[in-house]
Amino acid sequence: MTSNTHRAPRVGGIPLRRLGCSARGGATPIAGGSPQGSHRRKNNAGRSTQERGSPAVTEIVPPKVRLIGKTEFFPPEDVDWSTDADGGQALAEFAGRACYQSWSKPNPATATNAGYLGHIMEVGHLSVLEHGTVTFYISGVSRSLTHELIRHRHFSYSQLSQRYVPERDAGMVEPDIIAEDPELHEKFVAATKAGLEAYADLQQALQEKFADEPKATLRRKQARQAARSVLPNATETRIVVTGNYRAWRHFVAMRASEHADVEIRALAVECLRQLRGVAPNVFGDFEITELRDGTEVASSPYVTEG
């Protein structure tokens with residue numbers, strides 16, 4: 001990855017300004033590690049390229065995953081039981097014990113939350129993991145990525161609307177395999193810039209076409225929904241994703257695989273890192289390893305890609 005201290009290169013007269021993690025505080029980037037630099041690794045996922053102002057400045061920034069919600073647990077006062085965990089992990093254990101009313105913890109192997117949930121995953125009693133949820137706000141990823149992401153039907157989504165939000169200044173997520181080659185990078189910049197220019201031209205022409213529509217909001221929406229048809233798959237999007245623990249485990253198993261697309265694989269690995277912080281007894285069985293090309297994958301003995 002190009003160092004943030006290098007002189008900004010130029011493509012077609014447009015300076016490329018590479019922004020480090022410190023320029024975007026308060027979130028964990030997929031690329032280049034955490035704001036503290038604890039996960040330093042090569043990123044082949046993609047970089048968000050955005051043009052702003054005049055003259056246009058193309059910003060290359062890492063995609064980000066923000067943890068914005070997680071389960072709380074309020075144990076019922078009339079149940080004589082306690083555990084050494086909280087939140088969704090405690091709730092999952094409570095749900096499992098409620099099935100059999102096994103509050104006394106007769107088995108030492110499952111007396112702790114880690115032991116209990118480990119046994120749950122070993123025997124495949126995964127429905128109890130569906131009670132705990134985690135919500136992420138994800139930005140700096142491509143529409144191409146979210147086309148794959150929304151195929152995970154057990155998640156709940158709220159995504160940036162291209163009908164209501166103008167995309168004339170949209171960022172573009174550039175795969176590193178293209179970004180690291182000057183000739184390919186120049187082609188990428190030219191193609192995405194042409195797409196944005198076509199979008200802006202179409203939107204203006206369509207608004208004139210709908211000039212007789214008295215409602216300005218409807219006029220803009222009609223123009224944007226038609227003009228967006230020329231936007232590239234590389235267009236940056238932002239999305240809120242909520243899923244239960246079981247759904248997140250399946251997502252990581254499917255998308256943190258070597259066989260997954262590079263961009264969504266990097267997203268899955270970063271989600272896993274944060275999920276392990278929220279619920280280590282649920283996600284600690286996944287191991288993150290580095291491939292020869294510097295990208296990362298994750299796997300668990302308890303789950304497969306299927």
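Cβ coordinates come from backbone N, Cα and C, glycine included.
Bear in mind that TrEMBL entries carry predicted annotations, made automatically and left uncurated.
Positions annotated as active site, involved in ionization of N3 of dUMP, leading to its activation by TrEMBL: Arg255. What TrEMBL lists as FAD binding site is Ser127, Arg151, His152, Arg153, Gln159, Asn244, Tyr245, Arg246, His250. The feature dUMP binding site is assigned by TrEMBL to Glu148, Leu149, Ile150, Arg151, Gln159, Leu160, Ser161, Gln162, Arg163, Arg228, Arg255. According to TrEMBL, the region 'Disordered' annotation covers 1-56.
The structure, with features from TrEMBL marked on it.
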residue: Ser127; record: FAD binding site; DSSP class: helix
residue: Glu148; record: dUMP binding site; DSSP class: helix
residue: Gln159; record: FAD binding site; DSSP class: strand
residue: Tyr245; record: FAD binding site; DSSP class: helix
residue: His250; record: FAD binding site; DSSP class: helix
residue: Arg255; record: active site, involved in ionization of N3 of dUMP, leading to its activation; DSSP class: helix
Residues Glu148, Leu149, Ile150, Arg151, Gln159, Leu160, Ser161, Gln162, Arg163, Arg228, Arg255 [recorded dUMP binders]: greatest CA to CA distance in Å: 29
Pairwise Cα distance for His152 (FAD binding site)/Arg163 (dUMP binding site) [Å, integer]: 23
Fewest other Cβ within 10 angstroms of its own Cβ, chosen from the recorded positions Arg163, His250, Arg255: Arg163
Neighbour tally for Ser161 (dUMP binding site), based on other Cβ positions within 10 Å of its Cβ: 12
From recorded positions Glu148, Ile150, Arg255, the one whose Cα lies nearest Gln159 (FAD binding site): Ile150
Residue among recorded positions Ser127, Tyr245, His250, Arg255 with Cα closest to the Cα of Arg163 (dUMP binding site): Arg255
C-beta crowding around Ser127 (FAD binding site), within 10 angstroms: 14
The residue listed as 'active site, involved in ionization of N3 of dUMP, leading to its activation' and Glu148 (dUMP binding site), Cα-Cα, nearest whole angstrom: 10
Nearest-integer angstrom distance between the alpha carbons (Cα) of the residue listed as 'active site, involved in ionization of N3 of dUMP, leading to its activation' and Ile150 (dUMP binding site): 12
